[in-house]
Structure formats: structure tokens, C-alpha cells
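The structure appears right after this line, and notes come after that.
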Amino acid sequence: MTGGRKKKPAGQDGAGQAGPEQATRKPRKTRARTPGAGADGENPFRALMRRNRAPEPATLVIFGATGDLARRKLLPAVFGLWQDGLLGSAFNIVGVGRQEMTDEAFKDFAIEALKSSKETDAPQPGSLEKFRELLYYEFGDFGGDEVYSLVQKELDRAEEAHGGRKNALFYLSTPPSLFEPISNGLGRLGLDDESEGWRRIVIEKPFGRDLESARHLNDAIHKVWDESQVYRIDHYLGKETVQNLMAIRFGNAIFEPLWNRGYVDHVQITASEDLGLEGRAGYYEEAGVVRDMLQNHLMQLFALTAMEAPAAFDADAIRDEKVKVLRAVKPIPKGRVKQVAVRGQYGSGTMYGERVPGYREEPGVREGSSTPTYVAVKLEIDNWRWQGVPFYLRTGKRLPKKVTEIAVVFKRPPLGIFPGGLERNVLAFRIQPDEGVSLKFSSKTPGQEMVLREVVMDFRYDAFGAQLESPYSRLLLDALLGDATLFPREDEVDHAWQIVSGILEAWDGTKAPEFPNYPAGTWGPDAADELLGPDRRWRRL
Ligand SMILES: NC(=O)C1=CN([C@@H]2O[C@H](COP(=O)(O)OP(=O)(O)OC[C@H]3O[C@@H](n4cnc5c(N)ncnc54)[C@H](OP(=O)(O)O)[C@@H]3O)[C@@H](O)[C@H]2O)C=CC1
Ligand SMILES: O=C1O[C@H](COP(=O)(O)O)[C@@H](O)[C@H](O)[C@H]1O
């Protein structure tokens, strides 16, 4: 199911089309932070990854261009792509906001943002000044028409430089309450119309705050846009190592035969964060961990781990398989939540040797707040491949360290002929940091006795000598190319909401007398250990 309420004109998909001269011919310069660059200073893997990937001339229109995301992530990502010559010369950016500001003031703002963001690639001499020339700004009330007609004028202005095309990527980096008004505003002014160039819309997370609102938003979006024009962003899908999960599963013959209930005991998916609220109480108090991380990022990691092999590496084949497995997840109605899910909220504690406040002491958090900052959940899949194999997902803030990992834990050997315990082999995908893949298995220790010990075979991504690109760079470039493979489709988002709906129903608005139930700097509430039962343990990461 792909929405498809509006028809898309033929030949408007930028994918695979020849790009601007600069992107294909001009040799790219070394990125200053790139380790292990080739002899000519160019990183060979980066070049390899991006050959033939050049978008048509286009305008990137960022709604909410003065916000935190735009400042810290989006502008640095676009700058990195541009500096690498991947956007060509015929590219410009229009920031749109509510604040009255001249083009010059916005240019100053954006350059300052680039200078202060940790995500910005080291600028080459003069490149910030050149990038500055690509920036424009418009402002107005997102509920009215004027701001959209100003955007229209920006597209008209760029037309000549863009070879007579008016391609535009509209990026909605605003509070979610504005997604629908902006989509409608663009529609009212006909900015979705692809007769003069392709038009696409990128929608930030969270996509809805529950199943009903997500469906409402999807319907509203589809009144204006065809599903093929819609790019719902989940930045986890832009992470190199998340894509590697597919490469390892479906680019090798040795893993798939083991990837099923015959060999796998259970799977653990962990996204632990050491950070607390970071001044985002306004948002987080409304969202909580289930909406912030579980419904989107963890559900995507889960789907990619559990799905069947797609027939091809293309957007619909992959998304079809993800949807199939999401549909096969055993429902978690409100009444089952206690058995399969655990919530937590951090209290004060010690992180890296320093005292940190509890969630309820963070600025902006309601007194006695019951917002969960930790969730662990057991998902069961009713299909032939996974029947009886639990998938345990956990994520939380103020855990001991930042680490995201998918661990496939295999069954114990059926018979112990050596002294010592029968350990389970583990294939672990480290999504971040120390990106890589490791296989844990038992080996004989040197000596006369047959004594076994667990050892680890480790592949580290840094073996490629390549700097991993920011997920936002990857996803922005994909959206400009018209490649939706790494963007969740309407039905995926819907099924992910269906899975967590019962949990939200059970927890939203109910008091949590047990909160806070884990001190900052620990691995979450004790009840999360009990979720795994007596014979399984969370991995200590
Ligand atoms: N920040 C992050 O790390 C992440 C953010 N996101 C998502 O990205 C989106 C943007 O987040 P973030 O940048 O943090 O949010 P901010 O609140 O920092 O910025 C939002 C932007 O929208 C503008 N804005 C806010 N309210 C209105 C309004 N009523 N009318 C017009 N413009 C308005 C702001 O303008 P002004 O500057 O005038 O306030 C600002 O430009 C959200 O959907 C968020 O969930 C997703 C993942 C991570
Ligand atoms: O979307 C979000 O993700 C971040 C974690 O992202 P990561 O790439 O740093 O793992 C999380 O901190 C934030 O609360 C959430 O909104």
C-alpha cells in the first residue's frame, strides 16, 4: 500500500539522472577530517559510495530554518554535501521562518551555525563565503498564503540558474503541529505541482503522536501530495551501520541459513543514551521515550533485523518486507502491557564521576512527572521464521553510556562435551559508536586441558579508513535524488504506531508511583531484567 491518492507525472524522478558538471567532473578535494585518505588525498570509499549520485539542480526550502535541528544538523549536512561537490553549482537554499530577517542576517546566522556545530566538516579556504551565496530567507505566518508565494518567487528566481527547472525539496523542520498547515499552504499555492520540476516534501519526526493522529496527518498530507513525493525522515535509517545490517544479511550467504527460530534464541536491540533532557523538556514531556525512540528508531532497527529478504534493493521491495514483519508482530493490547513492557524514569545519579539531576529536577519538567525516559519491550513475531523467538528492545536516557547495538543471540550447543558452560554465540551489530560487527564464540584456551573461553572476532568500520557520513547528509542527498529506500512509508509508520498503541494507552496519563526507578548512570529499572526471564540477561555493553 503506497497511498497514491495523487498521480505523479512521468519522468519526474531525479534518480539516476545526470547531475551538474561540478558533481561529476570536478575532482573533489580532501575532507580535512577524513582519516586514511588515499594517496591523492581523496578518501576512496567515499568516492565509491557516491559515484553516479548527482541530483538535478534544485532548491532546498527549509521551514523552521532558525531551529535547533537546522542549526546543528541540517545546515552542516548540506554544507558537507555541497563542499564535496555533490550538489553541484545549481543549488540553493531558502530558509523559511517566522522571524523577520533579511537575507544577509540569515546568511550570518547560517554561517555562525556552521562554525559552532560539531557536525560541520572542516571548511576549505573560502568555502564558507561561497556557501553563503547560496542562502536566502523568507518569513511569514505559516497559516497564511503570503509566505508560500514568497517561496514560489524564490523558485522562479532560481529557474534560470537551474536550467529552466523549478525542482524543490521542502524540508519541514518545525514543531509537528505545523506539518499539516505547511503542507496545506504549499498545496494551496500549487507548490506541489510537478509540471515545472519535481516537488518533494520531507517530514521530520514525530509523525503523529499516536495512531489516530498519524493517520490524520497521513490523510492530510495525501490531500496535497502523492506518496511518492513524501519523505518521512528517520535519521537512524541514514546511519551507515544500519544500512550495513542489510548488506551483511543479504550480501552474504552464511548468515541467512541461521537467521531463524532453528538457531536464534533471542534478539536484543539496545539504544542507550548517556544524555539527559538537553533542555528539551517542552517536547519530551509530551513525547516520552515511546514516541521519541521506540515507535520510530527502534522499530526500524527491529524491522530491518527481522524482515524477509527483499527481491531487490529498492524502495518498495524493502518497505514491503518491513511492513510484512511489522504486521506479524503479536499485538500488545493494553491488558498485555504489564507482561511485555517495562517503563522507567531516571532519578539523580552519577554520570562519568559527576552528580546529575533526576528527570523530575530537569528544567521545565512538571512536578511529579510520570513521563517515561526508559522502555524495554518484548516483541513476538507470529510467522514461520520467528515463532517463539523473542525480540527484546530497550532504550533510555541517562544510561551509563551511549551505545546502539543489535545482538542476535544464538541457541546453546545441544550437547556439552567440554568442561565449562555452554555459552550462546552472539552476532552483534554495533550501530554506534565503534561502528562494526562482532561474533562471539567459544574457543579452546591454550594448555593441556580442554578449557573453553568466549572470544570475539571483530570487524571495525574504521578498517575502511573512511569517515562515516552524517545520516542527515545521506538522507538529504537521497531525497534530492528521489530515492525513498531509506524513508519509512505511510503503512510502516502506521504499523509501528499500532504496535506501541497499547503501551501508550496503558502509560499515558497514568501515575507511575514507582518513578524514579533507576538512578542516572545505571542500566535501567530492575524489572527490565525480569522481562528476559531466568535464562537470559541483557548484554552489558
Ligand atoms: N533538534 C533535534 O535534535 C531533533 C529534532 N527533530 C524534529 O525536528 C523538528 C524541529 O525541531 P527543532 O529544530 O529542535 O525545533 P525548534 O523548536 O528548535 O525549531 C523549530 C523551528 O520552527 C519555528 N517555529 C516554531 N513555532 C513556530 C510557529 N508557530 N510558526 C512558525 N515557525 C515556528 C522556529 O522558529 P523560531 O526560531 O522563531 O522559534 C524554528 O525555526 C521537530 O519536528 C523535531 O521533533 C527530530 C530529531 C532531532
Ligand atoms: O530522534 C532522536 O534521536 C536522538 C538519538 O539519536 P542518535 O543519532 O544520537 O542516536 C535522541 O537523543 C533524541 O531524544 C530523539 O529525539
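Backbone N, Cα and C atoms are what each Cβ position is placed from, and that goes for glycine too.
In TrEMBL, annotation is done automatically, which means it is predicted and not curated.
Taken from TrEMBL, the feature active site, proton acceptor covers His297. In three-state terms derived from DSSP, His297 (active site, proton acceptor) belongs to a helical segment. His297 (active site, proton acceptor) has a Cβ environment of 22 other Cβ atoms inside 10 Å.
The feature NADP(+) binding site is assigned by TrEMBL to Gly64, Ala65, Thr66, Gly67, Asp68, Leu69, Ala70, Arg71, Arg98, Asp141, Phe142, Lys205. Around Gly64 (NADP(+) binding site), the same-chain residues six or more apart in sequence whose CB sits under 8 Å from its CB are Ala70, Val96, Gly97, Leu172, Ser173, Thr174, Pro175, Leu178, listed in sequence order.
Taking a C-beta cut-off of under 8 Å and a sequence gap of six or more, Asp292 (substrate binding site) has these contacts in its own chain: Pro206, Tyr284. Under the heading substrate binding site, TrEMBL lists His235, Lys239, Glu273, Asp292, Lys397, Lys402.
The domain 'Glucose-6-phosphate dehydrogenase NAD-binding' annotation in TrEMBL covers 61-244. The average pLDDT computed for the domain 'Glucose-6-phosphate dehydrogenase NAD-binding' (61-244) is 96.
Taken from TrEMBL, the feature domain 'Glucose-6-phosphate dehydrogenase C-terminal' covers 246-538.
Under the heading region 'Disordered', TrEMBL lists 1-46.
Only Asp292, of the binding-site residues Thr66, Phe142, Asp292, Lys397, place a Cβ under 6 Å from an atom of ligand 2. Annotated pair His235 (substrate binding site) and Thr66 (NADP(+) binding site), C-alpha to C-alpha distance, rounded: 20 Å. Of the listed binding-site residues, namely Arg98, Lys239, the sparsest CB environment within 10 A is found at Arg98. Cβ packing within 10 Å was compared across the binding-site residues Asp68, Glu273, and the lowest neighbour count falls to Asp68.
DSSP assigns Phe142 (NADP(+) binding site) to coil, not to a helix or a strand. Rounded to a whole number, the C-alpha distance linking Lys397 (substrate binding site) with His297 (active site, proton acceptor) is 14 angstrom. Cβ crowding, taken as the number of other Cβ atoms within 10 Å, peaks at Lys397 among the binding-site residues His235, Lys397, Lys402.
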